[in-house]
Amino acid sequence: MRANSPTQGISLKMHQARPLFLVTVALQLIGLGYSYQSEGDGAREVSNILSPVIPGTTLDRTLSNSSRKNDIPEGARLWDSLPDSSTLGESAVPVSRCCHNGGTCVLGSFCVCPAYFTGRYCEHDQRRRDCGALGHGAWTLHSCRLCRCIFSALYCLPHQTFSHCDLKSFLSSGARGSRECSIPSLLLLVLCLLLQGVAGKG
């Protein structure tokens with residue numbers, strides 16, 4: 001076998017380009033973090049992208065069966081508050097049996113769910129997916145927390161520290177930060193492609 005085979009050359013070139021790619025990704029993440037931190041209260045107005053407007057009573061009516069714990073708004077659940085959960089939307093194993101809604105427990109660890117039910121413990125009814133006016137999978141800002149509607153339950157991200165709880169300024173800060181980072185990111189990408197092309201010819 002020859003020492004300088006074509007596949008070895010390609011492998012070496014890819015190995016040389018990998019650090020450039022990692023540096024590019026790291027710089028983009030750092031830039032996004034700085035743009036979020038440097039935003040002020042003078043955020044620009046967002047023009048008409050906030051539809052539909054969700055009144056608080058719509059979600060409260062739909063999710064009124066949840067309890068209020070540790071200053072968590074009623075109808076919202078924290079993702080990190082699920083004790084035995086590694087994925088979004090799972091709940092802890094029920095004390096009496098492992099399955100809800102008539103599911104069949106198999107080997108004490110998973111469930112065979114009847115029609116219209118899904119989830120590890122058959123806890124999600126596929127016929128009830130929306131949170132009032134908020135559709136399944138949609139994100140919203142609820143009581144200064146970023147929340148997502150999943151199978152008619154509102155799950156909220158924990159420990160968010162916003163300087164303000166205004167949805168318009170929150171959305172405009174993300175849009176402004178991504179525009180500020182787009183030109184340097186594009187230049188860095190072009191530089192990496194040029195360096196990869198030069199390394200490929202050499």
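Cβ coordinates come from backbone N, Cα and C, glycine included.
Worth saying up front: this structure is predicted, and the values here are computed from it rather than measured.
The record in Swiss-Prot lists a disulphide bond between CYS99 and one of CYS111, CYS113, namely CYS111. Checking CYS105, CYS113 against Swiss-Prot, the residue bonded to CYS98 by a disulphide is CYS105. The record in Swiss-Prot lists a disulphide bond between CYS113 and one of CYS122, CYS131, namely CYS122. Counting other CB atoms no more than 10 Å from each candidate's CB, the disulfide-bonded residues CYS98, CYS105 peak at CYS98. Listed in sequence order, the disulfide-bonded residues near CYS113 (disulfide bond) (C-alpha within 10 Å of its C-alpha) are CYS99, CYS105, out of CYS98, CYS99, CYS105.
There are 22 other CB atoms within 10 A of the CB of CYS99 (disulfide bond), with all protein chains counted.
Taking all protein chains in view, 21 other C-beta atoms sit within 10 angstroms of the C-beta of CYS113 (disulfide bond). Residues of the domain 'EGF-like' (94-123) grouped by DSSP class, helix first, strand second and coil last, total 0 helix, 8 strand, 22 coil.
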